[in-house]
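Engineer: Quick one: the structure is below, questions incoming.
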Ligand SMILES: Nc1nc(=O)c2c([nH]1)NC[C@@H]1CN(c3ccc(C(=O)N[C@@H](CCC(=O)O)C(=O)O)cc3)C=[N+]21
């Protein structure tokens, strides 16, 4: 069989960001509104600093206002909550992203709950998670699952009715909302996790396989149904033969998957860029709702 198609998330994300930028301009023109995204980083984790920088860059490239807020690693929970309150009250801020993970002395659930659900562009607030689960329109969809669904539809078409989907991982950030989206798209959805009895066998039934567990190359070629679409959310840094050098690998053994699947996302260049593009889309959508402007259809799949 021919090798699978490599799903170019980087290219798709560039296109999506261009569509967002266009709508940002028309929102400015027609409603006099410039969307704004505030990113809050607590502490100095180098990986987080890299993400925060690329989010700020993408925000500005989309024509939106970017607000950076840094708190020291020793900042108290109270200080973070006060900052979130100020951002909630600031009309120039349409989206608030509190970079995770937070330092251990801060209660993540409490911080996320403090964000105005209308400004929760991550879609992590229980109000947005609940709306997604209950099928209530107007929910903000978490960026990574939304981006994954876009890539699946790009390959398989919009209609996913009756497809068997397996999501590996049950996090609130990726696994659970991913399963909800696929369910809403009329897939038959299974969620596998660390206590699943035979993950390989579950995988072999799946037409759509989304791996989001953070275990390097967990999914092997012989776990994959021939012709399946494989979405790899994993971003694992592993050491290489060269001392001190690391390499980024997904949760899927990419080369093996390429021999069996019909389409596979690479790592990097797959899901990661889609996460950022969907963050731009969600920020635009929040600004549209605040201005009473029509919300882009892509934000409500
Ligand atoms: N509140 C919150 N929201 C987030 O969305 C959030 C977060 N916290 N904490 C950290 C994770 C991580 N994350 C990434 C997004 C894009 C890439 C990305 O674009 N990666 C590129 C490059 C990867 C590389 O080379 O390092 C790629 O996959 O091609 C990576 C990681 C968002 N996160």
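A Cβ is built for glycine as well, from the same backbone N, Cα and C atoms used for every other residue.
Heads up, here are the entries from TrEMBL:
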DOMAIN    7-122  domain 'Tetrahydrofolate dehydrogenase/cyclohydrolase catalytic'
DOMAIN    142-289  domain 'Tetrahydrofolate dehydrogenase/cyclohydrolase NAD(P)-binding'
BINDING   169, 170, 171  NADP(+) binding site
Engineer: What are the DSSP helix/strand/coil residue counts across the domain 'Tetrahydrofolate dehydrogenase/cyclohydrolase NAD(P)-binding' (142-289)?
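Structural biologist: For the domain 'Tetrahydrofolate dehydrogenase/cyclohydrolase NAD(P)-binding' (142-289), the helix, strand and coil counts are 57 helix, 30 strand, 61 coil.
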Engineer: List the same-chain residues at least 6 positions away in sequence whose Cβ sits under 8 Å from the Cβ of residue 169 (NADP(+) binding site), in sequence order, or say none.
Structural biologist: 175, 191, 192, 193, 210, 211, 212, 213, 214, 233
Engineer: Just how many other Cβ atoms lie inside 10 Å of the Cβ on residue 170 (NADP(+) binding site)?
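Structural biologist: A 10 Å sphere around the Cβ of residue 170 (NADP(+) binding site) contains 18 other Cβ atoms.
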Engineer: Grab the pLDDT values for the domain 'Tetrahydrofolate dehydrogenase/cyclohydrolase catalytic' (7-122) and give me their mean, rounded.
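Structural biologist: Mean pLDDT across the domain 'Tetrahydrofolate dehydrogenase/cyclohydrolase catalytic' (7-122) comes out at 97.
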Engineer: Could you count the residues of the domain 'Tetrahydrofolate dehydrogenase/cyclohydrolase catalytic' (7-122) that DSSP puts in helix, in strand and in coil?
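Structural biologist: Counting residues by DSSP class gives 62 helix, 19 strand, 35 coil.
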Engineer: Beyond the listed site residues 169, 170, 171, identify every same-chain residue whose Cβ lies within 8 Å of the center of their Cβ atoms for the NADP(+) site.
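Structural biologist: Residues close to the NADP(+) site, other than 169, 170, 171: 167, 168, 172, 173, 174, 175, 176, 191, 193, 212, 213.
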